[in-house]
Every structure is written in structure tokens, then in C-alpha cells.
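According to TrEMBL, the domain 'CSC1/OSCA1-like N-terminal transmembrane' annotation covers 5-168. Under the heading domain 'CSC1/OSCA1-like cytosolic', TrEMBL lists 189-345. Taken from TrEMBL, the feature domain 'CSC1/OSCA1-like 7TM region' covers 358-623. The transmembrane segment annotation in TrEMBL covers 6-27, 86-110, 147-166, 359-378, 398-421, 451-470, 550-582, 603-622, 628-645.
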Amino acid sequence: MLVSALLTSVGINSGLCILFFGLYSILRKQPLNNEVYLPRLLAEGKSQRTSRFNLERLIPSTGWLKNAWSLSEDDLLASSGLDAVVFMRVITFSLKVFVFAGIIGIFVLLPVNCSGDKLDNIDLDNLSNNSLDVFTISNVNKGSKSLWIHFSAVYVVTIFVCYLLYYEYSYISSKRLAYFHSSKPQPHQFTILVRSIPVSSGSSVSDSVDSFFKEYHPLTYLSHIVVHRTNKLRLLIKNAKRLSKRILHSRSDPSHRKYHRSCCFGLCGRKVDLVDHYGKRLEDIEENVRMEQSGVSFTGQEVRAAFVSFKSRYGAAVAFHLRQSNNPTHWTAEEAPEPHDVYWPFFSSSFMQRWISKLVVIVACILLTILFLIPVLLVQGLANLNQLEIWFPFLKSILTITFVSQVITGYLPNLILLLFLKSVPPIMEFLSSIQGYISHSDIEKSACDKVLWFTIWNIFFATIFSGSALSQLDVFLEPKNITSKLAVAVPAQASFFIAYVVTSGWTSTSSELFRVIPLFCSLIKRPFTGDPDDDLEVPAFDYHKDIPRILFFVLLGITYFFLAPLILPFLLVYFCLGYIVFRNQFINVYAPRYETAGKFWPIVHNSTIFSLVLMHAIAVGIFTLKKLSLASSLVIPLPILTLLFNEYCRKRFLPIFVGYSAESLIKRDRQDESDPAMPEFFEKLVTAYQDPALMPIPYFSDTNSITTPLINNNNRV
């Protein structure tokens with residue numbers, strides 16, 4: 001890529017960022033946009049709509065920047081939980097890494113890279129029409145002693161990154177323990193999920209659970225709730241909620257259409273009152289809900305799984321860690337998620353369905369990876385003018401226009417790649433949801449892993465090996481050549497990834513602030529809805545979308561800091577934007593949906609270790625190609641030491657993220673003994689894991705039949 005093409009991409013994306021920031025600072029002050037830009041504050045009653053016109057609304061302001069900057073970590077922890085704190089720690093960790101690497105890269109390595117022979121052959125007066133390769137390590141002469149500076153930089157940055165990883169792992173581990181000790185008693189701390197429950201003839205699942213735990217855990221067992229298959233019931237309730245909203249809108253908005261024709265999609269037939277029409281349909285659904293709830297109470301609808309609660313955290317931990325039966329396939333236990341975090345559709349599928357689903361997910365991920373090579377090939381063709389002229393000879397005359405060629409090679413490829421990547425997180429989330437996880441948080445963590453490694457494979461490796469599936473396969477069929485091929489391919493794509501950081505990083509972050517899609521949807525729905533507060537939904541932050549993007553940029557920065565240090569300033573701009581934007585979004589937009597207490601950090605740690613090892617492999621190949629065999633040999637201990645460091649961290653810190661120690665559990669249980677609120681907590685714990693589909697849900701219809709429980713749950717003990 002030419003310097004001019006990169007500058008064009010930077011110019012376009014910088015303009016978009018300024019536009020989004022300017023529009024946001026104006027639109028956020030308009031009352032009609034509060035549900036887009038301030039949904040959390042509206043839901044919490046900290047922001048109110050006002051119809052009074054004020055000229056200041058039309059003037060861009062920067063007050064929100066001050067609020068975002070001044071937010072302390074303790075305030076973020078109190079308002080958004082430890083997961084939000086960990087997410088922001090990922091950004092500050094990245095900033096520390098690339099400020100340090102940037103100082104070395106820009107002020108030390110970049111001048112060394114520019115000292116090669118290639119710079120002598122270019123016209124400095126026409127620098128924009130030259131390749132960015134002159135700023136990379138490719139410009140350094142073979143056997144040059146200055147390569148030892150790159151060697152030293154690899155060692156120094158590796159040590160610094162490992163130090164920061166250790167510090168952050170230790171800090172977040174201590175925060176996780178402190179969060180546990182300071183939090184109020186939570187139902188999931190006292191509960192386990194038991195599956196594969198054996199049932200004797202003439203007995204129910206509830207009876208089996210009750211008799212088993214009363215016999216083997218008599219001192220700590222409290223109660224249980226048997227899980228039922230309620231997938232049909234959930235669908236009915238969803239339809240009932242949708243109809244109740246329509247009735248509310250019809251009653252609250254006098255201008256709303258009051259009549260509807262009964263035939264042919266409302267085009268012909270007699271006129272019927274719209275509210276009465278919806279009301280009758282809602283009554284029919286309510287009757288179906290009653291019948292379905294009654295049917296669920298039968299033993300045939302029971303799933304051989306139950307949430308079992310205990311009188312202490314330690315009692316729940318003992319039951320979780322001990323094998324309950326001589327037959328290891330019976331009475332299998334796992335930690336229960338938070339009640340609102342339970343993924344109830346999981347229980348409506350059989351064991352065979354879940355087993356088949358896991359195979360389907362594996363096949364789907366492989367097929368998606370292969371299919372995604374198509375847009376990668378397209379992008380590589382657009383980035384190469386010669387290749388583009390071969391594919392589309394009729395465009396040759398257009399491509400001779402300087403600005404057009406700069407846009408096509410510098411901006412368009414990354415825009416296309418970004419648009420295709422937008423579809424990956426929802427697909428991976430869906431695949432994870434059918435994989436057999438019992439909680440939304442587990443689904444999101446699994447989706448986060450999938451998106452991360454999909455991005456690394458399809459964006460990094462597919463791009464550097466020219467997007468050819470056969471060439472990628474050839475690389476891994478000949479493992480001896482991996483380092484040498486990486487050494488050739490990675491520096492050649494430096495300019496592409498710099499443009500990728502600008503497009504996918506800068507513009508995506510500013511569009512996150514501007515909330516393009518929610519704003520567009522709000523503008524479309526506004527004429528057809530009544531009171532906006534009736535449909536107000538506070539969104540939750542999608543960690544599986546943004547954590548993989550950040551970690552991919554960390555990988556790019558670590559692997560390219562000594563190859564093409566010119567990428568580092570662009571990364572620093574991205575992380576600075578992210579630091580401000582995401583803090584603002586946590587204040588005004590997103591509310592926590594569940595809490596994993598920092599369990600995303602091990603993903604961050606492992607990904608960073610992978611980035612370091614990848615950098616070491618590239619360094620070995622680079623120094624070999626540059627005829628500096630001694631430096632190549634001296635780099636080899638680095639990945640070994642890095643992996644040993646990772647193993648130490650895994651044994652030292654990872655157990656804290658898997659479960660809590662007996663010391664912590666017993667200490668909390670003893671504190672609760674003097675808490676007068678514990679009896680009330682245990683009363684609520686008995687029904688905490690009741691399926692929402694079986695709980696009383698009020699609808700806004702004329703009948704009150706559904707506002708009371710329709711069945712008596714005989715599974716409560």
C-alpha cells in the first residue's frame with residue numbers, strides 16, 4: 001500500500017470520527033433521543049425528559065468527556081460491576097503496553113528501519129507515492145548490526161508485558177476476592193445444579209432429590225426446585241407480552257388506528273375494534289398458558305435436573321466438589337449461575353440433542369471459517385491494484401484516477417472486511433447458545449473465545465498468507481517453514497493492518513458512541529409507538545463483541561511493534577478513544593445483565609501470551625532471513641520462558657477464577673451468622689430458581705386470571 005492510500009484512509013476515518021463525536025454531543029441533548037443515549041439514566045430516574053427548548057441543545061459540548069474521565073474505578077465497580085472494571089483494565093493494560101512499546105518503536109526502531117538502502121532510492125519530495133515498506137524492518141540490510149537493537153527490543157517488551165500481565169492478574173484476583181467478601185449473599189453462592197438424577201419407578205424427580213440430599217447432606221441441605229420443560233410456555237408468554245404492548249399503545253395513543261378489518265390482512269371484511277380484537281387474542285393465549293402450566297406440573301414434563309440450595313456456601317461447595325454417587329454418570333453437579341443468568345431453553349433439549357448440537361457447532365465453525373475466506377480474498381484483491389486490473393479489466397481507466405485508486409486500496413478493503421465481521425459475533429453467540437451452556441454468561445464467554453480465534457485466523461493469518469486456503473494449509477503441513485514464511489508475509493501486510501486499525505478501530509469506536517443502529521431504529525419506531533418509556537429497554541454490554549477486537553489489536557501491536565512501529569501511534573489513538581467512549585457508555589447506556597466477577601480476564605491473559613509467542617516465532621524467522629543466526633538462536637528461549645510464566649500464572653491465579661477457597665467460604669458463612677437479614681434471604685432462596693415461565697406474570701388485559709399463580713409448585717421443600 002502506498003503512503004497516499006494510507007493517508008486517504010486516515011483522512012476519511014478521521015472525518016467520520018469528528019462527525020460522529022460532533023453529532024453525538026448535539027443529539028444526546030435532545031429529549032427525544034434520551035432512550036438512545038441515556039437509557040440507563042432514564043431507567044434509574046437520574047434523567048428526565050423536558051420539552052422546553054434551549055439553544056444550548058444545538059451547540060456541541062464536551063461536558064460528557066469530563067464526566068467520563070472523572071469516573072473512578074470504585075464508582076464503576078459500584079454501578080456496573082467487576083466485569084466492567086475488568087474490561088476497562090484491559091484497555092488501560094493495552095495503553096501501558098503500547099505507550100512503552102511506542103517509545104521504543106517510534107524513537108528507536110523506526111529511525112533504524114529508515115537507515116536501510118531502500119530509503120536512498122525513493123523521492124522524498126514525492127513520499128506519498130512510495131510504499132510503506134521503507135519504514136519497516138524489511139528496509140534494514142541483511143547482516144546489519146543494527147538488527148541487534150530489534151533483538152533487544154523484543155526481549156525488553158516481552159519482559160515488560162509479562163510484568164504487566166502478572167500485575168494485572170494479581171490485581172484482578174484480589175479484586176475478585178474483595179468483591180466476593182463485600183457483596184451481599186447471592187442465591188448462586190448457596191446453590192448447585194444437579195443433573196442426571198436417577199428416578200425409581202413410582203417416584204418423581206422431586207422425591208428422588210429430596211430423599212437423596214436429606215440422607216447424605218442432612219445438616220446443610222435446604223431446598224430444591226426441579227426443572228421442567230417450558231419451551232412452549234415461554235413462546236406463549238412472549239406472544240402475550242407482545243399483544244399486551246399493542247393494547248397499551250392502542251389505549252394510550254388517541255391517534256392510533258382503532259379499527260381493523262377481519263379478513264385478508266385487514267383489507268376486507270367487517271370492521272372490528274382493534275383493542276377488543278387484541279384483547280380476545282390475549283385471553284385465548286392466557287387460557288393456553290394456564291393449560292400449559294398445568295400440564296408442566298406432571299411428572300412427564302420434568303427434566304432430570306434440579307437446583308439444590310444449601311444453608312451455607314461451604315455446604316454448597318462440598319456438594320459441588322464431591323462425587324455424589326458410585327456411578328459417576330449419576331448426580332452430576334455443577335455450580336449454579338445467578339437466577340437471572342440461567343439459560344432456560346438449555347433444559348428443554350435432551351442429552352442426545354445437546355450432543356448432536358456440539359457436533360453441529362464444530363462443523364458450522366469450520367464451514368464459517370472457510371466461507372469467510374471469500375471476503376478476505378476480495379479484500380486482498382482490492383488492496384492490490386494489479387490484481388484488481390486482472391480481475392476487472394474494464395475498470396482500468398477508472399483506476400488511473402489517483403483519488404479513486406487511493407480510496408479503493410486504502411479505505412474500501414477494510415470497510416468491506418469490517419462489514420462482514422459485524423455478522424460474526426451474533427453467529428458465534430447463537431452457536432454457543434446451542435452448545436449446551438446453562439447460563440448466558442457462559443454463552444457469552446464461549447462466544448468471546450470463538451470470535452477471538454476466528455478473527456485471529458481469518459483476519460491475521462488469512463490476510464498475511466494472501467487469503468489462499470491452500471497456501472495456509474501448506475504452511476501448517478510444513479511446520480519447519482512456519483517461521484520463515486511468517487517472517488516474509490507479516491511485514492508485507494503492515495500497511496494493510498495500519499489501515500485496518502484506523503477503519504475497524506477508530507470508526508467503530510466513534511460509531512459505538514454515536515449508536516448509529518439504535519438511533520436509526522428509534523427514528524423508525526417513533527411514529528408508531530406511544531409513550532417512549534413503555535418500550536424503554538436498557539441494553540447490556542456485549543463483551544463478546546468488543547473484547548476480541550481489543551485483543552486482536554493487542555496482537556497486531558505486539559507482533560508489529562518491531563517490524564513496523566508506525567502502527568503504534570494509530571493503536572494508541574484507538575485505545576485512547578476506547579478509554580473515553582466505553583467509560584461514557586457504562587455511565588449512560590449499559591446496565592449489567594449478570595456478573596461473572598472478572599472471569600473474562602483469563603481469556604485476555606491467554607490471548608496476550610499467544611501474541612507474545614507469535615512475535616517470538618516471527619522474530620526467529622526475521623533474524624534468520626536477515627542472516628543474523630546468533631540473534632535467531634538467542635530468541636528461542638523467549639517463547640519457552642513465556643510459556644513457563646504462563647503456566648505459573650495458571651497455577652497461581654486461575655483457581656481463584658474457577659472457585660472460592662474454603663477459607664473464603666467459611667469466613668463469609670461466619671459473617672452471615674450474625675446477620676439478622678439471613679432468615680429472610682433463605683426464605684427467598686427457596687423460590688429463587690423458579691422458572692420465570694411458571695411465575696405469575698401480569699398482562700394488561702381485562703382479565704385478572706393470569707396475575708395469580710396458575711399451578712401450585714409441589715417441588716418446593
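Each residue, glycine too, has its Cβ placed from N, Cα and C.
Note that the coordinates shown come from a computational prediction; the quantities given were computed from them, not determined experimentally.
The transmembrane segment (628-645) makes contact with the transmembrane segment (147-166): 3 or more of their CB pairs lie within 8 A, with pairs spaced 6 or more apart in sequence. The predicted model assigns the domain 'CSC1/OSCA1-like 7TM region' (358-623) a mean pLDDT of 83. Taking every recorded stretch in 86-110, 147-166, 603-622 and counting its Cβ pairs under 8 Å to the transmembrane segment (550-582), the highest total belongs to 86-110. Non-local neighbours of the transmembrane segment (603-622) in the same chain are 86, 90, 93, 137, 150-151, 154, 158, 161-162, 165, 168-169, 445, 448-449, 452, 456, 482-488, 490-491, 547, 551, 554-555, 558-559, 561-563, 632, 635-636, 638-639, 642-643, 645-646, 649; each lies 6+ residues outside the stretch with a CB under 8 Å from one of its CB atoms.
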